[in-house]
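I'd like to ask some things about the structure below.
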Amino acid sequence: MEQTKGNEMRNINVTDDHGDDEKWVYDSSVDHKGRLPLRASTGAWKASLFIIAIEFSERLSYFGIATSLIIYLTKVIHQDLKTAARSVNYWAGVTTLMPLFGGFIADAYLGRFFTVLCSTIVYLLGLILLTMSWFVPSLRACEGDVCAEPRKAHEVAFFLAIYLISIGTGGHKPSLESFGADQFDDDHPQERKNKMSFFNWWNSGLCSGLLLGVTVIVYVQDHVNWGIADIILTVVMASSLLIFIIGRPYYRYRMPSGSPLTPMLQVLVAAISKRKLPHPSNPADLYEVPNSQKAQGRLLCHTKKLKFLDRAAIVEEKENSFEKQDPWRLATVTKVEEMKLVLNMIPIWLATLPFGICVAQAATFFIKQGVIMNRNIGGFLIPPASIYSLAAIGMITSVIIYEKILVPILRKATGNERGIKILQRIGIGMLFSIATMIVAALVEKKRLGAVKKDPVNGSLSMSVFWLAPQFLIIGAGDGLALVGLQEYFYDQVPDSMRSLGIAFYLSVIGAANFLSSLLITLVDHITEKGGKSWFGKDLNSSRLDNFYWLLAIMTMANLLLFVFVAKRYSYKNVQSLAVANCNEDDHDAAGSMA
């Protein structure tokens, strides 16, 4: 692609005070032929709708598989409750940690479009193998419909298929979402506002796929067979890949810029080598390139935190700031600030893990509870995984209320284009996760009381819709916290790391799934020593209510830590393209709109 031509035109535009910025896009992106993108025919909603379509298909297949996985493992593979829950958590953990690798590849080497293309093909291969494991005689679980013990070949094919889907998701998920957000120009007022809405509507599309996945697909799995459901998922994914390719002329592309880790390492090496130099009293004395010479990305304003790293931008007497500098010896203020951004994210990432552990319960124990409760509604037997659709309804409802009602009101009240700061949105979502665990504990306590009175039919005396409040509440919390986390990690990473930014968000959920498995093992071990484990052979001999109370207390304590960290957080502050304008108090308003 003709990136040089695009950069030259961009520089000309900066010096001309953006005379044609309504016609052309000057944000370092190019069109499919490598030229400067024409605003009217590329990007924005016209391009992002193609991208949302493939995300819809991916979520349809992912949740169609994920929400029924624990049932398949217990019924077909014959794993016990604890082993099945751990297997689901491990798979979900791998699926949500793999994007760290996929995001790195997209940002550094392949670019987002080609990473999505390659990873979707891998995803398709996983779906095809999953289908074969049901229909190919040698790969089937057994000859009949009910298996006393599944064939080893089936187990191998099944787990290989779902982990191919994990690998495909690893490249698909971070690259696709960041590629969609890339279609909006940060420096164009209307497109910047549209980008804020993009993450909300992205998740509405995601939840629509989830709804169909846990209703239609799960119904087919439950009332026809898994093989037919897998065929449907394969056809839908193949069709969405074709739609994604058709949209190619309308996309705006960001060129890969090499490893994003190298500049951070350069800043660290330069800061250590200049550790004995006095810190300049005026930040303006630190090294930076003019906006007109910036080939790619945006310039960041200096912040007062982590001052040790500022030494990397100190110009020594022997260094001429007008000559090309050794990046291992002298870094720009922007590179230093990008390093600070990544370091500042670590406490936020850690403080969101308990929230992720709460989210992990919805796809494991919540679903398993639904299996043994009364699912008969007017003669129709609801598939247990379909109850998860209530979480999607809760999420869609909260996103629409937030986007259409709360944001306009909050914009007027606070003067912030977002309405409230991103971390405030995440914190409010965490409150919902605490409420979810409290409600879940109370409902499970009631169910166990019914079992105590009638060990045979106690659970069946309670409708599965007793679980509705906890699903709706966690869904509403996801609409605030999960969407906020997506926006936060995309917005606050360096511009060259935005696929990795989405991967950081996904890694919260991935690490939380692993921690959930670890916590289950730890609690099982401790409570077993105390006399009786909270995790028995089945739910009726378990004490999930105590486990939910434990999660509520942990998340409540963690929320206090999150508030402490969030209050001290410095948002990304971007210089204006026209003038080097930095406002220390404007970090989450104009400076970090991304």
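Heads up, the Cβ atoms here are built off N, Cα and C, so glycines get one too.
In case it's useful when we look at the structure, here is the feature table from TrEMBL:
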{"type": "TRANSMEM", "residues": "89-106", "note": "transmembrane segment"}
{"type": "TRANSMEM", "residues": "112-130", "note": "transmembrane segment"}
{"type": "TRANSMEM", "residues": "201-220", "note": "transmembrane segment"}
{"type": "TRANSMEM", "residues": "226-247", "note": "transmembrane segment"}
{"type": "TRANSMEM", "residues": "348-367", "note": "transmembrane segment"}
{"type": "TRANSMEM", "residues": "387-410", "note": "transmembrane segment"}
{"type": "TRANSMEM", "residues": "422-443", "note": "transmembrane segment"}
{"type": "TRANSMEM", "residues": "463-490", "note": "transmembrane segment"}
{"type": "TRANSMEM", "residues": "502-527", "note": "transmembrane segment"}
{"type": "TRANSMEM", "residues": "547-566", "note": "transmembrane segment"}
Top stretch among 201-220, 226-247, 348-367, 422-443, 502-527 for CB pairs under 8 A with the transmembrane segment (387-410)?
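Most Cβ pairs under 8 Å with the transmembrane segment (387-410) come from 201-220.
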Cβ pairs under 8 Å with the transmembrane segment (112-130): which stretch of 201-220, 226-247, 422-443, 463-490, 502-527 has the most?
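The stretch with the most contacts is 226-247.
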Would you say the transmembrane segment (502-527) and the transmembrane segment (422-443) are in contact under the rule of three or more C-beta pairs closer than 8 Å, pairs 6 or more apart in sequence?
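These two segments do not touch.
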Among 89-106, 201-220, 226-247, point out the range having the most Cβ pairs under 8 angstroms from the transmembrane segment (463-490).
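Per the Cβ count, the answer is 201-220.
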